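Q: Sending over a structure as structure tokens; questions will come in a sec.
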Amino acid sequence: MNIDKFTAHAKSVIANHQSLAIKNDHQQILPLHLLSSLLSEETGIIQALINNIGGNIHLLKDQVQLELNKIPKIQVDGGGQIYYSAEDLKVLEKSRSIAKDSGDSFVTIERIFEALTYDNTIAGKILTNNGINSKKLAAAILHLRKGKKADTESAENSYDALKRYGRDVTELAKNGKLDPIIGRDEEIRRAVQVLSRRMKNNPVLIGAPGVGKTAIIEGLAQRIFNKDVPETLINCRIIELDIGALIAGAQYRGEFEKRLKSVLSEIKESSGEIILFIDELHLLVGTGKVEGAMDASNLLKPMLARGELHCIGATTLDEYRKYIEKDAALARRFQPVYVGEPSVEDTISILRGIKEKYELHHAVRISDSAIVAAATLSNRYITDRYLPDKAIDLIDEACSRMKIELSSKPEELDELDRRIIQIKIELAALKKENDEHSKKKITSLTEELKQLDSKSYDMNTKWQAAKSKLQQAQKLKEELEQARIDLDRAERDANLAKASELKYGIIPEIMNKLQAAENMDNKGLLKEIVSESDIASIISRITGIPIDTMLSSERERLLVIEQKLSESVIGQDEAIKGISDAVRRSRSGIQDINRPLGSFLFLGPTGVGKTELTKALAGFLFDDRNALLRIDMSEYMEKHSISRLIGAPPGYIGYDQGGVLTESVRRRPYQVILFDEVEKAHLDIFNIMLQILDEGRLTNSQGITVDFKNTIIVLTSNLGAEILVNQQEDEDTYKVKDEVMQYVRAVFKPEFLNRLDEIILFHRLNRNNIYDIVKIQLGSLKKILLQQNIILEFNESALNYLAEKGYDPSFGARPLKRLIQREIQNNLAKMILAGKISSGNTVKIAREKEELRIEIID
């Protein structure tokens, strides 16, 4: 049979019903196979027709499967053949006849379905018995098609196009599926004003990602549903266009345009009752464009200009500029409505409004302190995204995490059960032994197991009871939510009896039960309230900043910063005090919060602790000495090397890779940045530092603004080092600083120096300082050896020897490190490799005349 004039979906149904016969080992291809294939087709057209008539597709499928199972199975060997039955061919021919009589150029799947109602075999009888006849089906097809003819091979794609390629936002509002919208009244009012115009009544919402553009549409849908809009919009529906569904599966040229035209045709026929919402409006420009074909935006322009299409677009400012503004004809048909980022206070209001939705979804409770923390902490610490999206994400993730914890065993109970399993394994092993010690151990373990089993049973009982109470509370919340939706519907329908019953009877009763359930003590086994600490924990995981930095009293922590830094850096009290004061000023909030936490220029000779202080500062502030970006400025001696910091300009190799400085800070906004040997860099490089030091921001080569507000900038230099090396202990510090600053001012411009928080001098180390450093360095070596279970001991004479030999005023502490390597570490390494020192040994180091002696104690 020739099926050239069948649509692609119809051909697929015919192929599938043939495969079904082969799969079931049936010799004939019957109308029953055709009916089974139609009931399983993917477009949903047949299901829509059956629902329209009042049939039940699931019941039909069951009856068809029952009849298919009755057909005899025949094992067809290589010489056998499966053939179409006369009845099956008759049905297909009838479908062709019906299509021709209806004025269709192609036979569609609904025409095949209609032809089955004329069938006298079991397939036709099943349809008749379920109330599906040719008359009812013809009326349902007419209603589905809305007068359209099947004149293309993809005709089915144009049926009910809005339902297929769109989402009814107003219907979602009606069913209570949308979150409440808080604080966007001005933007919604502006959109309503534009929609109420006679011509070019098409607003486009422009704003950064995550500020709530789509939420404004949902708010408008809720207002339309509540009839809180002008009369011109009261009967409107908002349909969100799914551009992905429009494009998907459009194999042939012109098919995409056909689908879009069918959508626009339905909108036009609605006489202004449908408002089309296109999220990511810029996707329309160029979509569907092939050689000589028009893109989607050109199909919209005529209807937009005539006012036949009510359309709301949403896009970001960058994409609007890049795509929409370039097409002036499209841009002038839309009226921009700018959507700004809400303030922290507005975000808190938004979060309070949607709180119940998240509590209901995750079956947890959200404290108000968690809401405030989500808004304030996300604004302070997550700088590359926008409110309220980033705050909502924090609440959502914290709730999700708690939900997972609630569904698993409490930690205490889990540890108890693991201990029980461990004891059972030990008992099984000990029962194989017959000695007295094993018998005593079995007795003690049996007694312990008995106690633990009893404790585990009690805790399990309490845990299950607590879980049951939480599940009961969750069920009551769902009932309360549904009751409120029913109340809204009853009030709108003026069903006063039902509204009164819900408002004064059912809802108060559920609320009383819910309050009683929430007040029940769960014995501390389950934590169900999301708190400020949970939000802070999520922030900590996202950004890498330690949680205690945000929640512990920073006043107490920062008051002891000198003490903590002095444990690592010796002999630089003035430098430690200067950097501590600057950090305290920043953290106490009495300086500009838009600047870095601190910016310092460390001046001093080599080996006096400039870099070590920077590492110690990173360890104190971020609990990680490696939270440090070290940039060796001797690598930036040429003017063009500045591009390595912020990224290569457009058109150059490496443009898409970003810069060393900007990319590191984007990925980890909380770190100490060390510009080492800064005087060796080209002077033009300091021009980019001006905006970092002053505004706490820097724009990279791709136009992305990188936030430096949570970094500490440290620059080190050897300028004036010879003055500091030759400084006498009783010499006036201010005089020395003036002499050093003359060198500094000769190299750096005043506007650069003026933006630094502190210029700190590092003085040369004296013998007492070296002695303290010896103890620190040997302490580090002691920790390393302890990992191998080797104990290192040293007496006063060894410390004095190392301090004397390692002291060099010109080179600071670095010669000491080399001395310890040469005198101690090299000898220890040889002894360990030779087997003289092994795990469990104690190694004593003492001075013997003019050298160190290593003594090994077993």
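Here the Cβ of each residue, glycine as well, is placed from N, Cα and C on the backbone.
Not my notes, these are from Swiss-Prot:
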DOMAIN    3-147  domain 'Clp R'
REGION    6-71  region 'Repeat 1'
REGION    160-341  region 'NBD1'
BINDING   GLY207, ALA208, PRO209, GLY210, VAL211, GLY212, LYS213, THR214  ATP 1 binding site
REGION    342-544  region 'Linker'
COILED    392-523  coiled coil
REGION    554-764  region 'NBD2'
BINDING   GLY604, PRO605, THR606, GLY607, VAL608, GLY609, LYS610, THR611  ATP 2 binding site
REGION    765-858  region 'C-terminal'
Q: Which residue counts does DSSP give the domain 'Clp R' (3-147) for helix, strand and coil?
A: 92 helix, 6 strand, 47 coil
Q: For the binding-site residues GLY212, GLY609, which one has the sparsest Cβ surroundings, going by other Cβ atoms within 10 Å?
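A: Per-residue Cβ counts within 10 Å for the binding-site residues GLY212, GLY609 bottom out at GLY609.
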Q: For THR606 (ATP 2 binding site), which of the binding-site residues GLY207, GLY212, LYS213 has the nearest Cα in space?
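A: Of all the candidates listed, GLY207 is nearest in space.
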Q: Can you list the residues of the same chain, besides GLY207, ALA208, PRO209, GLY210, VAL211, GLY212, LYS213, THR214, whose Cβ falls within 8 Å of the ATP 1 site's Cβ centroid?
A: ALA215, THR316, VAL339, GLU341, TYR386, ASP389
Q: Can you give the mean pLDDT for the region 'NBD1' (160-341), rounded to a whole number?
A: 82
Q: Summarise the region 'C-terminal' (765-858) by DSSP state, stating how many residues are helix, strand and coil.
A: 51 helix, 20 strand, 23 coil
Q: So which of 6-71, 554-764, 765-858 is most in touch with the region 'Linker' (342-544), counting Cβ pairs under 8 Å?
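A: Ranking 6-71, 554-764, 765-858 by Cβ pairs under 8 Å to the region 'Linker' (342-544) puts 554-764 first.
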Q: Give me the long-range Cβ neighbours of LYS213 (ATP 1 binding site): same chain, 6+ apart, Cβ under 8 Å, in sequence order.
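A: Sequence-distant Cβ neighbours: LEU205, ILE206, GLY207, ASP279, ALA314, VAL339.
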Q: Sort THR606 (ATP 2 binding site) into helix, strand or coil using the DSSP assignment.
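A: Assignment for THR606 (ATP 2 binding site) reads coil.
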Q: Using a 10 Å radius around each Cβ and all protein chains in view, which of these binding-site residues has the most neighbours: GLY210, GLY607?
A: GLY607
Q: Where does LYS213 (ATP 1 binding site) sit in the DSSP three-state scheme?
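A: Going by the DSSP assignment, LYS213 (ATP 1 binding site) falls within a helical segment, counted as helix.
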Q: Could you measure between THR214 (ATP 1 binding site) and GLY607 (ATP 2 binding site) for me? Cα positions, answer in whole angstrom.
A: 58
Q: Which binding-site residues are spatial neighbours of GLY609 (ATP 2 binding site) here, meaning Cα within 10 Å, out of ALA208, PRO209, VAL211?
A: none
